[in-house]
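First up is the structure itself, then whatever we jot down about it.
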Amino acid sequence: MKQTPGKKLRVALLGCGVVGSQVIRLMREQADDLAARVGAPLELAGVAVRRPGRARDVEVDPELITTDAEALVTRDDVDIVVEVIGGIEPARSLILAAMNSGKSVVTANKALLAEDGATIHRAARDNSVDLYFEAAVAGAIPLIRPLRESLAGDHVHRVLGIVNGTTNYILDKMDSSGASFSDALEEAQALGYAEADPTADVEGFDAAAKAAILAGIAFHSRVTAADVHREGITEITATDVASAKAMGYVIKLLAICARSEDGRSFGVRVHPAMIPRTHPLAGVREAYNAVFVEAESAGQLMFYGAGAGGAPTASAVLGDIVAVGRNRLAGTRGPEESTYADLTVHPVGETVTRYHVSLDVADKPGVLARVADMFAKQDVSIQTVRQEGLGADAQLVLVTHRASDAALSATIDSLRELDIVRDVVSVMRVEGEDAS
Ligand SMILES: NC(=O)C1=CN([C@@H]2O[C@H](COP(=O)(O)OP(=O)(O)OC[C@H]3O[C@@H](n4cnc5c(N)ncnc54)[C@H](OP(=O)(O)O)[C@@H]3O)[C@@H](O)[C@H]2O)C=CC1
Ligand SMILES: N[C@@H](CC=O)C(=O)O
């Protein structure tokens, strides 16, 4: 691209941790290429951090470091603000202050966008500045732009994905080496995949935030994290993983955004699910992410790559900085939806899928018939049933045909009332058998 003589674009970076340090490194190492792509050199105007004396993964000119992030984002010589602090505050106030003083913003902050994206999007519109957030979902994988731009002329039916690297790493380790949950989590933390508080990963909050963002874009609607049904992976045991494996399944934490059949509503949920080992998502190993999109005309699309880690996430941030830089030089703004579809988010009870149910039962005649009767009473059809173990170890393992979450929950409640059911050992959704 031809460079604008004398023009520089000044970037204020908020945060210099796992992601921020890699943004600085790449801006420095690729300065000439970036200048050519944007049309003007990018220059670091300042770096706001919390603990200025801390050792960092990248060398930063001490003159650039500040703890006064607010002063940095409102400075007249700053064009673009990159927020990689994370969390709700002070990130939200800083982004709003930046936009109110005319800066375009790039952020990787899924927690904030899922909690209060409406406020941030409105501020971008009101101030005629850009808001780009490719890194907020699935790290390095280009996903926001394909959904927001490339598929803008299509009708998305379903988005099904592995969007949290930490939990995929943990479940993959449990599956491949029989590791315990806590050992696998420790490894994921040491590799820098986990959030500062791993609860956000293992309890599904991080994936739920990403699911809210994806559903909002895919279905042109306002969706917040509170709209997402969320279950984490802390209850998954080595036994669950081994028994899924024995049946030809693998357990993954999935984010699922799906339109109802009449197209007027959609559901958004995050939970562990069994998927057949032949499904493309089953081959997504370690901390990788992958997202399956099903659209009316495009059909099935799959996006795959590194969903976490400093350099991969910084790659997505840099892509956004280039896009924002080009827009600023051209005096334009990127795509932003100004009106929203009138779709509602339906409750998880209306979800229709298949279930794997494992029960500890008394080992005596008539047990199978009584259990089957409870399923029949709720109109839940059983596809397969298997008895394992004998006497005190007797278990029934059932897989249902497609049924609603509400019907399955009612079935489980009634099974708990039966004297012959000693324990409901596990109930897990089975997904992905309809993907070719
Ligand atoms: N890590 C990853 O793989 C991915 C992260 N993300 C998102 O990117 C963002 C950043 O994540 P990550 O780099 O891992 O986080 P880190 O915790 O590694 O870094 C956070 C940075 O923010 C700084 N900071 C914290 N509070 C303040 C404050 N009040 N004022 C100024 N600076 C502050 C910290 O300063 P100090 O260093 O002095 O403590 C630190 O440099 C988050 O939104 C995260 O969800 C998205 C995709 C992947
Ligand atoms: N903790 C997150 C980081 C990226 O968003 C993950 O593990 O995916």
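Positions of Cβ are set from backbone N, Cα and C atoms, glycine also.
If you look up TrEMBL, you'll see Lys210 marked as active site, proton donor. Reduced to three states, the DSSP call for Lys210 (active site, proton donor) is helix. Other C-beta atoms found within 10 angstroms of the C-beta of Lys210 (active site, proton donor) number 28, with every protein chain shown included.
What TrEMBL records for Leu14, Gly15, Cys16, Gly17, Val18, Val19, Gly20, Ser21 is NADP(+) binding site. The number of other CB atoms found within 10 A of the CB of Gly17 (NADP(+) binding site), across every protein chain shown, is 18.
Residues or ranges marked as NADPH binding site in TrEMBL: Lys110. Neighbour density for Lys110 (NADPH binding site): within 10 A of its CB lie 28 other CB atoms from the protein chains shown. Lys110 (NADPH binding site) falls within a helix when secondary structure is assigned with DSSP.
Look at TrEMBL and you will find Glu195 tagged as L-homoserine binding site.
Look at TrEMBL and you will find 356-429 tagged as domain 'ACT'.
Separation of the C-alpha atoms of Val19 (NADP(+) binding site) and Lys110 (NADPH binding site): 14 Å, rounded to the nearest whole number. Proximity of Ser21 (NADP(+) binding site) to non-local residues of its own chain (separation of 6 or more, Cβ distance below 8 Å) is seen for Arg56, Asp57, Val58, Gly310, given in sequence order. In this structure, the recorded positions that sit close to ligand 1, with a C-beta under 6 angstroms from any of its atoms, are Gly15, Gly17, Val18, chosen from Gly15, Gly17, Val18, Ser21, Lys210.
Taking a C-beta cut-off of under 8 Å and a sequence gap of six or more, Leu14 (NADP(+) binding site) has these contacts in its own chain: Gly20, Ala48, Ala69, Leu72, Val73, Val81, Val82, Glu83, Val84, Ile85, Ala91, Leu94. Broken down with DSSP, the domain 'ACT' (356-429) shows 27 helix, 30 strand, 17 coil. For the binding-site residues listed here (Cys16, Val18, Val19), the lowest count of other CB atoms within 10 A around the CB belongs to Val18. Reduced to three states, the DSSP call for Cys16 (NADP(+) binding site) is coil.
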